[in-house]
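Trainee: I grabbed these lines from Swiss-Prot:
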ACT_SITE  K681  active site, proton donor
BINDING   G474, V475, A503, T554, G797  NAD(+) binding site
BINDING   E666, D677  L-homoserine binding site
DOMAIN    319-400  domain 'ACT'
REGION    1-248  region 'Aspartokinase'
REGION    249-469  region 'Interface'
REGION    470-814  region 'Homoserine dehydrogenase'
Amino acid sequence: MKLLKFGGTSLANAKKFLCVADIIEKKNKKEQIAVVLSAPAKITNYLATIIENKIDDEVLKKINLAKNIFIELIQDIKRIQPLFPYENTKSTIEIEFNKLKKIINGILLIKQCPEGIKPIIISRGEILSVDIMKNILQSRNHEVTILNPVTNLLSIGNYLDSTIDIKESKKRIKKINIDQKNIILMAGFIAGNKEGELVVLGRNGSDYSAAILASCLNAKCCEIWTDVDGVLTADPRIVSNTYLLDYISYQEAMELSYFGAKVLHPRTIEPISQFQIPCVIKNTNNTESKGTWIGKENNPSDNSLKGVTYLDNIIMFNISGSCLKDSGNTIARIFTILSRESMKIILIIQSSSENQINFCTFEKDIDYILLILKKEFTLEIKEGLLNDFNIVKNLTILSVIGSNISEKNNIASKIFSSLGSSKINVLAIAHGSSKHSISIVIKKENLLQGIQNIHNTLFFKKTIINVFLIGIGGVGKALLKQILKQEKFLDQKNIKIQFRMIANSKKLLFLKNSINLNNWEENFKKSKEKFNLTILNELLKNTCDSNSVIIDCTSDYILSKQYISFIKKGFHIITSNKKANTDSLKYYSEIRTTALKENKKFLYETNVGAGLPVINTLQSLFSTGDCLISFKGILSGSLSFIFGKLEEGVLLSEATKEAKKLGFTEPNPFDDLSGIDVARKLLVLAREIGYSIELKDISIEPILPERFKKYQNSEEFLFKLKELDSFFSERVNKARDIGNVLRFIGSIEKNGKCSVKIEEINSNNPLYKVKNGENALTFYTNYYQPIPLVLRGYGAGNDVTASGVFSDLLRIIL
């Protein structure tokens, strides 16, 4: 015997009803099947609104609407399965809804709805589901036995939330003679009290019915069919990268359900656990999925984690006072009164000082709990033995579930670390006595961030880097291409880079999970979200996961002034933008102080030498005790190209024009020939070495006369540049005559004196052969002398710069 239960989403329309019938038929070929059915999706909730709201003449219209849903359902079934007995089924539907109308008319006369009538109204959907399924199966030549839950399942409790007496129900069902070849059908959600009245079983009552019937029939397995593949590691609606759990124990399932997992209710697990009946969660829409099995305890050595859940709309009562100290009586009174009034207490946390206790409950009960506690402790409050109740609202409880979780190393520390990375405060923590759960209380506004962080840290097998990219010009686009190309390599290293935002100066593309890099340009063009700093800061406020990084591939000064704010929000910063590192020494220092305080990384390898490992090499050298003696370098790819062409006999104006055409220069080449860009790079190096200087402290010997500043138009500038062709040709020739070449060089002396100028160098100089856009940096240090440390390679270009940014990105997790 196997029991199958199908929920409302599995019976939402005609096609799904018939799909369920197919599953039943297939299973019935192997063994006898008992089936518990819910009402079609939304029907029970729809009928519940009738009894929850004021009952008036409008209710009859709602009854007709509900009836029409069923009529349309069986019409569709008839079209798909012609042998279905439509008229007989329609007649049953008419009879049931006529009963409802008579009940409603009676209620209208007496102006109230008796408690015993409410379950009759809201259970019509389940009863009709069974009749429809019976007719589908019989039209396919199957024998069907219908179990009446009112006469066979004895309930204890109120009309709308009863509990089943399993022992008595077993006796009743055992007396029924059911043919072995018959398919058994029973309406879920329904039972009967000792007076024989129909009652219902409360929230998730159909699942509970299924577990009870499985116990009564001694079923070898209870299959719960729903619209998900099984139990996932978290709610996929709010958490990315969830995955299906193959197996969980009864206790783990109980903890998951208690702390918010929506797949099963704790009451459902109790009977299958008591009678050791395996349970499997299956997907009606994906019958091939293996589902999640729920069974006996895991192997004691299995410490694997099973899920992270949440309960929201939580409040926390803080109760304090001298009467709590050394007095178990006061605490007992608190929880006795709450239990007597059926108030659900989710967590209890007692202060080590013994004069304070906290407990969490649902926000909807706040007023009533306050009322009964104030009434119970009127004297203590009046005498000052108990302080006014402090209530913290808008909270969420996050819980991590797993076998022997208390014995698993570092779980709590990992939870705190993952939340700390996004500056989420933990207000309280509780450890389950079963050793299967750890629960923490946080602010509701931090739910999405907190649960995603914890899940990524504990359950996702890869290290995730969340990227917010600003700037999609040449470097930004090249970076996206490189990361897409390296996806397989990253996957092998268990690294997942997720782009959450891509932006330029006008608009942005943002996704909660990850932007698909295969078609990001197409989606970016479709995006209508504008970009400005106000919008950006608002967006970043609640989106900082673990390892969240802002990458600045712009040259925007205003954006660079936001770095401290970004770091304080929990983001690492990677920038190819030199503006921050060449700003005032005060701002330069503040960024680093903030990054250190917030435990965030500020990386800028591409500020000097593009993809060359300049900054990282310097930091490694000086952190191991080396000291600079002197530095000389060619720091501009455009000037490296231009001066190399001069050496070959090309005129200055022609060399500059060619450099611009090849993309080496800025839009107006004056910016390159002014030497200011080289000075900025030199400033970055000098500060990295340890010199506290400003840009104005660097001596710049200009390549061009002052008058060339006024030519802001690049065409005009290049035309006027011809005036200097003969001067530079003559200077190049003079140097050549004695075996020298001209190079534009940045220098740092041991005393921190920095200069940028044209130098004439001979063939013994390491910079002699550097041209064609290459950069070269020579460091004379205590460790590297008399032969210097030389770093040489292309120091300009989108691909090499992007590779430097990519390298910094991987350093975030290394």
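Cβ atoms here come from the backbone N, Cα and C positions, even for glycine.
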Trainee: Out of E666, D677, which of the binding-site residues is least crowded by other Cβ atoms within 10 Å?
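Mentor: Comparing Cβ neighbour counts within 10 Å for the binding-site residues E666, D677 gives E666.
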Trainee: Fewest other CB within 10 angstroms, which one of the binding-site residues G474, G797?
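Mentor: If we count Cβ atoms within 10 Å for the binding-site residues G474, G797, the smallest count is at G474.
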Trainee: Report, in whole Å, the straight Cα-to-Cα distance of E666 (L-homoserine binding site) from A503 (NAD(+) binding site).
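Mentor: It is 22 Å, counting Cα to Cα.
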Trainee: As a test of the contact definition, list every same-chain residue at least 6 positions from V475 (NAD(+) binding site) whose Cβ is closer than 8 Å to its Cβ.
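Mentor: In sequence order, C553, S576, N798, T801, A802, V805 meet the Cβ cut-off.
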Trainee: If you count CB neighbours within 10 Å, which one among the recorded positions A503, T554, K681 has the smallest count?
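Mentor: Among the recorded positions A503, T554, K681, the lowest count of other Cβ atoms within 10 Å belongs to T554.
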Trainee: Mean pLDDT across the region 'Interface' (249-469), rounded to an integer, is what?
Mentor: 88
Trainee: Name the secondary structure element type, per DSSP in three states, that contains A503 (NAD(+) binding site).
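Mentor: SS state of A503 (NAD(+) binding site) = strand.
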Trainee: Can you figure out which of E666, D677, K681 (the recorded positions) comes closest in space to G474 (NAD(+) binding site), comparing Cα atoms?
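Mentor: Closest recorded candidate to G474 (NAD(+) binding site) by Cα: E666.
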Trainee: According to DSSP, folded down to helix, strand and coil, what is D677 (L-homoserine binding site)?
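Mentor: In three-state terms, D677 (L-homoserine binding site) counts as helix.
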Trainee: Hey, of E666, D677, K681, which of those recorded positions are within 10 Å of G797 (NAD(+) binding site), Cα to Cα?
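Mentor: So the list reads none.
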Trainee: Taking only the residues the record lists as binding NAD(+), namely G474, V475, A503, T554, G797, what is the largest Cα to Cα distance between any two of them, in Å to the nearest whole number?
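Mentor: Taking every pair of listed residues, the largest Cα separation comes to 21 Å.
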Trainee: Rounded to an integer, what is the Cα-Cα distance in Å between E666 (L-homoserine binding site) and T554 (NAD(+) binding site)?
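Mentor: Distance (Cα to Cα, whole Å): 13 Å.
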Trainee: I'd like the per-state residue tally for the domain 'ACT' (319-400) from DSSP, helix first, then strand, then coil.
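Mentor: Helix (H, G, I), strand (E, B), coil: 35 helix, 24 strand, 23 coil.
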Trainee: Fill in the CA-CA distance, T554 (NAD(+) binding site) to D677 (L-homoserine binding site), as an integer in Å.
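Mentor: One finds 15 Å between the Cα atoms of these residues.
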